Amino acid sequence: MKAAILRSLLKRSSTVAPSSSYLLRRGFSSESEPERKVAILGAAGGIGQPLSLLMKLNPLVSKLALYDIAGTPGVAADVSHINSRSEVTGYMGDDQLKQALEGSDVVIIPAGVPRKPGMARDDLFNINAGIVKSLCTAIGKYCPNALVTMISNPVNSTVPIAAEVLKGLGVYDEKKLLGVTTLDVVRAKTFYAGKAKVNVAGVNVPVVGGHAGITILPLFSQATPKANLSDEDIKALTKRTQDGGTEVVEAKAGKGSATLSMAYAGAIFADACLKGLNGVPDVVECSFVQSTVTELPFFASKVRLGKNGVEEVLGLGPLSDFEQQGLEALKPELKSSIEKGIKFAQQS
């Protein structure tokens, strides 16, 4: 029963073609897939632990490196007992970061402090910005060709920080730095399916912009299957998607943030990156990347993933009047967050 539930959960992905759906198979033969090392930085934290579990279940992973400043040996020992393909190793402290990163194909960064009630994502900046800068410096030195998937908030600033750090080391590749906005897509799908009374497994909703508050812009006009929802419903769904993180923070009453759903979304996105690296065609996800879709240097939209990371940044498509207004409204805040990250990286 448990295995069936896991298979059902992990089969879902954001906008990946059904033919390449995420499958968990017992008795998986490593001969059918290439060797892939995934490193998780911040693996002992609230997002990191469930993310480590989900990545251990992914049959595309052959080596799983779990890193944090403390607590990782226990997490690694626990996860390593699961009877799935990957070999798990735990690393702890600055002196073991090099070992954790060397040879990595994908690096996932959920490191940092979580939000608490009354705290905006931007309040995390002063702590998490420094953590991201340090980790990305190590990535640039020890695995400069890896895909870097950024979960640490505020993503609207941490992705630009990472880009500047990697530029400074002379190893920046815009195709290989991706901000994880998949949780916005997951929420938009869930809320849309509930309101439209359709099976969520068949729902697609692109989400563009950024990954905080009003910068999150779900494009419900492009949602499939189509549903005749009122303007009021669309506005309410948009607001709930934008405030989804706050909804969880308040519900947990000071005891955590959206760690479990974020771990799920992070695992789904990492799986898509691995599929792309392995040459699976038509792997499309939403992600916050370097972009020319708007006048802003970074923007979240649908991207096509492949053997080099981001193979193509896709356009926004037709927008409703409400979405066009939302797009213009989000730009000043997103621009400010991007500039804040760039300034931090250049001055610190």
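Using N, Cα and C of the backbone, Cβ positions are placed for all residues, glycine too.
Curation does not apply to TrEMBL; its annotations are automatic.
As given in TrEMBL:
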- His211: active site, proton acceptor (ACT_SITE)
- Gly42, Ala43, Ala44, Gly45, Gly46, Ile47, Gly48, Asp68, Asn128, Ile151, Ser152, Asn153, Met262: NAD(+) binding site (BINDING)
- Arg115, Arg121, Asn153, Arg187: substrate binding site (BINDING)
- 37-179: domain 'Lactate/malate dehydrogenase N-terminal' (DOMAIN)
- 181-344: domain 'Lactate/malate dehydrogenase C-terminal' (DOMAIN)
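Everything TrEMBL records as a feature, shown here on the structure.
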| residue | record | CB count, 10 Å |
| --- | --- | --- |
| Gly42 | NAD(+) binding site | 25 |
| Gly46 | NAD(+) binding site | 19 |
| Gly48 | NAD(+) binding site | 27 |
| Arg115 | substrate binding site | 20 |
| Asn128 | NAD(+) binding site | 23 |
| Ser152 | NAD(+) binding site | 28 |
| Asn153 | substrate binding site | 27 |
| Arg187 | substrate binding site | 26 |
| His211 | active site, proton acceptor | 30 |
| Met262 | NAD(+) binding site | 24 |
Next item on the list: Could you give me the DSSP helix, strand and coil counts for the domain 'Lactate/malate dehydrogenase N-terminal' (37-179)?
Entry: 65 helix, 28 strand, 50 coil
Next item on the list: Over the domain 'Lactate/malate dehydrogenase C-terminal' (181-344), work out the mean pLDDT and round it to an integer.
Entry: 97
Checklist line | Cβ contacts of Ala44 (NAD(+) binding site) (under 8 Å, same chain, 6 or more positions away) | finding: Leu66, Asp68, Ala70, Gly71, Thr72, Gly74, Val75
Notebook entry, point to check: Considering only the recorded positions Arg115, Asn153, Arg187, His211, which residue has the minimal Cα-Cα separation from Gly42 (NAD(+) binding site)?
Noted result: Asn153
Checklist line | Rounded to the nearest Å - Cα separation of the residue listed as 'active site, proton acceptor' and Gly46 (NAD(+) binding site) | finding: 19
